[in-house]
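Heads up, the thing below is written out as structure tokens.
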Amino acid sequence: MIPVVIEQTSRGERSYDIYSRLLKDRIIMLTGPVEDNMANSIIAQLLFLDAQDNTKDIYLYVNTPGGSVSAGLAIVDTMNFIKSDVQTIVMGVAASMGTIIASSGAKGKRFMLPNAEYLIHQPMGGAGSGTQQTDMAIVAEHLLRTRNTLEKILAENSGKSVEQIHKDAERDYWMSAQETLEYGFIDEIMENSNLS
């Protein structure tokens, strides 16, 4: 059930679902697994807010276990395409593809709540048991290319070398907010609501 908020206007009461009300304040909630429908919704909201006023920041709150690489990269590409700065605020967890999205916020405007966590690891995927040998080679090549792309993005977003990212992402690498700050994926740990 999606909560509804009621506002008093000069014409009486007006009700909004909570996400529509947050959108009026340029807040987008990226929660749950990253998949195509969710990504399309996030992208549409980013484009709408940028078209409305590209001089104001957009606030993207992130709490996701990760998910589809192609859907996540579509969000990242849109964040980079629009003129509005996108502030990212991690609450709960930014794992896997979520780290790519959250760390791609505007430099100096990437935040994390004190008890949130970050996870980097290599992309998952593979060929099913009914896959032909030649298709397995194609899948393996695509997976390596995807890993290289994601490692380059993480290196650019953190200031670490691609080699360091490759080493750290070999296995699940969990980070606290403080560790994420020291690693370079965020710019500040938020102790209170100090967004401007």
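Every residue, even glycine, has its Cβ placed from backbone N, Cα and C.
Annotation source Swiss-Prot lists active site, nucleophile at Ser96, citing sequence analysis. In this structure, Ser96 (active site, nucleophile) belongs to neither helix nor strand by DSSP; it is coil. Long-range Cβ neighbours of Ser96 (active site, nucleophile) (same chain, at least 6 residues apart, Cβ-Cβ under 8 Å): Pro65, Gly66, Gly67, Leu119, Ile120, His121, Pro123, Met124.
As annotated by Swiss-Prot, active site applies to His121, with the evidence given as sequence analysis. Counting every protein chain shown, 17 other Cβ atoms lie within 10 Å of the Cβ of His121 (active site).
DSSP classifies His121 (active site) as coil under the three-state reduction.
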